[in-house]
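*Asks:* Here it is: the structure, laid out below.
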Amino acid sequence: MAEEKKEETMEEPRIGVYVCHCGVNIGGVVDIEAVRDYAAKLPNVVVSKDYKYYCSDPGQLEIQKDIKELGLNRVVVAACSPRLHEPTFRRCVEEAGLNQFLFEFANLREQDSWVHMDDPEGATEKAKDLVRMAVAKARLLEPLEASKVSVDDKALVIGGGVAGIQTALDLADMGFKTYMVEKRPSISGRMGQLDKTFPTLDCSMCILAPKMVDVGKHDNIELITYAEVKEVDGYIGNFKVKIEKKPRYIDEDLCTGCGSCVEVCPIEMPNYFDEGIGMTKAVYIPFPQAVPLCATIDKDYCIECMLCDEICERGAVKHDQEPEEIEIEVGTIIVATGYDAYDPTEKLEYGYGRHTNVITGLELERMINASGPTDGKVIKPSDGEKPKRVAFIHCVGSRDEQIGKPYCSRVCCMYIMKNAQLIKDKMPDTEVTLYYMDIRAFGKGFEEFYKRSQEKYGIKFIRGRPAEILENPDLTLTVRSEDTLLGKVTEYDYDMVVLGVGLVPPEGSEKLRQTIGLSKSADGFLMEAHPKLRPVDTLTDGVYLAGVAQGPKDIPDAVAQASGAAARAAIPMVKGEVEIEPIVAVTDSDVCGGCEVCIELCPFGAISIEEGHANVNVALCKGCGTCVAACPSGAMDQQHFRTEQIMAQIEAALNEQAK
């Protein structure tokens, strides 16, 4: 049990310094004993010790014992990165009755021993500098208290693909009211377009549709389709969200999905669900298993002949329907916006969009699907005949620095082999060739799937990225490539070429990212707070990531991450409140002139002007210090990193006499 905290700031600093060996990480390079003895001579240092692992229970107990017996009111631990163990040591000193913010970390591992392994003497001197600077700051530390904010027990899931569906179901099953916003007329995401899933070749819609139905019928889920998030204000526990629901021109409450309106509509248009290779009507139901099972009118094609209105017995057609603005308040947000397939038209050498029989992997998926535009038949777009020779090209839009996409999309190798196998199942006499750079069969059952492609199906693999695809007068295609295993240039003719396109962030993701205030990684996908320790969290508290929104992944990984995001989002909602760390910016209202420079620069929107001076919302502030550095009047300061504390560290670093 923690003892009652002391009134530390009015007392003379009594500092304890604890130098950690971190096994051989620090102790194998730095002379720990020399650093320990040096620290003991610094002003206000009462005790200086070393131990092999201070993060261990015995190490922490030693620190707590000294706090109680020696009356320490400041603690400095010289060890690894505060990103790893600062919470550990804060908790340690707090349990001994000391305010957790009267603790300072000196990083002797990442900032010293790991970067100076070849210079032990220099590393030891640098360790002394780092400890001296930490002690200088520790003298000026102030006790701080965390604040708490209440958390609304409702959640918002953005995106209706398999990741969004899993997240929403998990949260709803926990008892939380969950809003799901999907920009398309129906949920399903990309998984709904697939015929089979690798490596088990399960029917994609067979395993997805029951979950879609569960979403539509769940008492705790409010499904808002054909809609987009337009504004997000607030902070963890108290987000205010504005959603724009586009007009379907069909009343969802009245429509039964009977399809009568679709039958009588005289206007055809490209079917987006079939990737444009099939046609649908100007009034359409995206696919038979759609949730909600409701028609939508596309006004870009509708001629308002009113035949749909006349045939509808329930009067569900509403040609005068207007966009609807919906406002909700939620405690947490999960972003599961999925991906778009790379558009290969910029790869001019492959002729997509110019060569009739060059198609993408997703277009082939719709061909292979029994409910697709060709009723499951694989045909050449040029003449509708079955192809006798088919080539697949891997890594189109992936692992390609020339187009700014150096990352691996992680699913292309497997979905190409899956579709190659399905073609052989449908047309055993068809020759299938795969052009690849490397086969990345990393998942459970993937290597066996790869071997089956070679051994059972006799699919040919050529290692090399094709240089170009040429269209011949008879509309066959010549693929010119280097075979890197044979060390020669090859040219082979095919009836159809399928481009294995990679995954890219979906259209509109950048606008949504800015609306919510998230970061993105170099590949354009949304960035997690930490790739290993916080893979579903973001730097915006209360906002989480699921599925391909965070980066390319297959269906099992997307579902697993979705459940992880739901579990993380549930934590603050279960607790009903969250603790806000007090390392935030503060304003001296007597000095602030209300110039608003800080407002323009704050990346988290945490500052507003109230009564003529800046006011910081501590729930939004992340303590980045941007406003402090920019304030022209010096009115902004940051708790735990106050100007006088930083200056004390600088002076200690430059103090040659102390060295």
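Including glycine, each Cβ sits where the backbone N, Cα and C put it.
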*Asks:* Quick check on the annotation: Swiss-Prot has Cys592, Cys595, Cys598 binding [4Fe-4S] cluster 3, so which of Cys412, Cys413, Cys631 does it put in that site too?
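*Replies:* Site partner of Cys592, Cys595, Cys598 for [4Fe-4S] cluster 3, according to Swiss-Prot: Cys631.
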*Asks:* In Swiss-Prot, the [4Fe-4S] cluster 2 site includes Cys302, Cys305, Cys308. Which of Cys265, Cys294 does it also list there?
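*Replies:* Candidate listed by Swiss-Prot for the same site: Cys265.
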*Asks:* Whole-number Å only: compute the distance from the Cα of Cys308 ([4Fe-4S] cluster 2 binding site) to the Cα of Cys592 ([4Fe-4S] cluster 3 binding site).
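*Replies:* Rounded to a whole number, the Cα-Cα distance is 64 Å.
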*Asks:* Among Met180, Cys305, Cys598, all listed as binding-site residues, which has the most CB atoms within 10 Å of its CB?
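*Replies:* Answer returned by the neighbour count: Met180.
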*Asks:* Grab the same-chain neighbours of the domain '4Fe-4S ferredoxin-type 2' (293-322) for me: Cβ-Cβ under 8 Å, and only residues 6 or more beyond its ends, written as numbers and ranges.
*Replies:* 185, 226, 247-252, 254-257, 259-267, 269, 282-286
*Asks:* Which one of these binding-site residues, Val162, Ile165, Ala168, Met174, Cys312, has the sparsest Cβ neighbourhood, judged by other Cβ atoms within 10 angstroms?
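*Replies:* Among the binding-site residues Val162, Ile165, Ala168, Met174, Cys312, the sparsest Cβ neighbourhood within 10 Å belongs to Met174.
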*Asks:* If you count other C-beta atoms within 10 angstroms, which of the binding-site residues Leu171, Cys302, Cys602, Cys621, Cys631 is the most crowded?
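*Replies:* In terms of Cβ crowding, the pick is Leu171.
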*Asks:* Could you check which of the binding-site residues (Ala168, Leu171, Lys177, Cys592, Cys621) sits closest to Cys258 ([4Fe-4S] cluster 1 binding site), going Cα to Cα?
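*Replies:* In terms of Cα distance, Cys258 ([4Fe-4S] cluster 1 binding site) lies closest to Ala168.
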